[in-house]
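S.K.: Supplied in structure tokens, the structure appears directly below.
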């Protein structure tokens, strides 16, 4: 194992780079994992970029619901890209290191985009509430200006929260081991490596994660409570079917994303929890961003129509 590179500050040395252990230390599995996660990443990039392109070029998809979906696709793409390239390089490299600065940057974007996605999913639930419970007021209430603010709000709040959390991480001192038992720079394993008092950082992490997780989930649950009441009051079976169909994809995405993150953050950073968090992290870092475009397009006639329209246009142009 490589010795930690250190920078002398005062009477002690500071770690200037970390070693990422990754998912496994078995060398025979590294090439297989490289191929697996490369395929997942290519599907993620293709699916989310494709969703954004379809929404951009098809006028039928220029509605609030699809603007929010395009924003979610952008988040998922950035979310996965923050971790995957470095992880793929490490699968084929003997030197699985990441600099202290790069580690902080990865931490920052991870936290920022997780919190942003919390509230983007909440915004999408609110949009469904407005469409189903207030259909006559939907166009006026969900104007272009309102949509821009509803998209910008989660981004601004998420990236400011990420900056605050990263500043607390920056204040930690790392002067011992530099081995991170994870495949990316995550707060729990970093906290375990710190040789300074981590109480403030741990408290901040649990408060911020707990508040944003519960607050955004509360918005989603309240929105769907009113949606359920509105659906049960519908006399038309076809109307109820369409309403459930509209909400089904979002509910699946919410369950996958929130379920895995809830398991991740409600536990203290112990040896066992870090090992478990690596498995859980695979789902929300790779599986969820890959599945979201599929989930949202599988039963969506508008998206499928836009896709085949684009395919026919390209085929006929040749």
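Cβ from N, Cα, C; glycine included.
Worth saying up front: this structure is predicted, and the values here are computed from it rather than measured.
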S.K.: Candidates are 11, 82; I want to know which one Swiss-Prot annotates as N-linked glycosylation site.
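M.R.: Record lookup in Swiss-Prot returns N-linked glycosylation site for 11.
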S.K.: Are residue 234 and residue 26 co-located with respect to the membrane, according to Swiss-Prot's topological domains?
M.R.: no
S.K.: Give, as a single whole number between 0 and 100, the mean pLDDT over the topological domain 'Cytoplasmic' (53-60).
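M.R.: Residues in the topological domain 'Cytoplasmic' (53-60) carry a mean pLDDT of 89 in this prediction.
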S.K.: Looking only at the topological domain 'Extracellular' (161-202), how are its residues distributed among DSSP helix, strand and coil?
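M.R.: DSSP composition of the topological domain 'Extracellular' (161-202): 21 helix, 2 strand, 19 coil.
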S.K.: Are there any residues in the same chain, six or more apart in sequence, whose C-beta is under 8 angstroms from the C-beta of residue 195 (disulfide bond), and if so which?
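M.R.: In sequence order, the residues whose Cβ lies under 8 Å from that of residue 195 (disulfide bond) (at least 6 apart) are 173, 174, 175, 176.
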S.K.: Within the same chain, where does the topological domain 'Cytoplasmic' (127-139) have neighbours whose Cβ lies under 8 angstroms from its own Cβ atoms, ignoring anything closer than 6 residues to its ends? I mean 6 or more beyond.
M.R.: 64-65, 68, 150, 223-224, 226-227, 230-231, 243, 246-247, 250
S.K.: Who sits close to residue 103 (disulfide bond): which same-chain residues at least 6 apart have their Cβ under 8 Å from its Cβ?
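M.R.: Sequence-distant Cβ neighbours: 18, 180, 185, 190.
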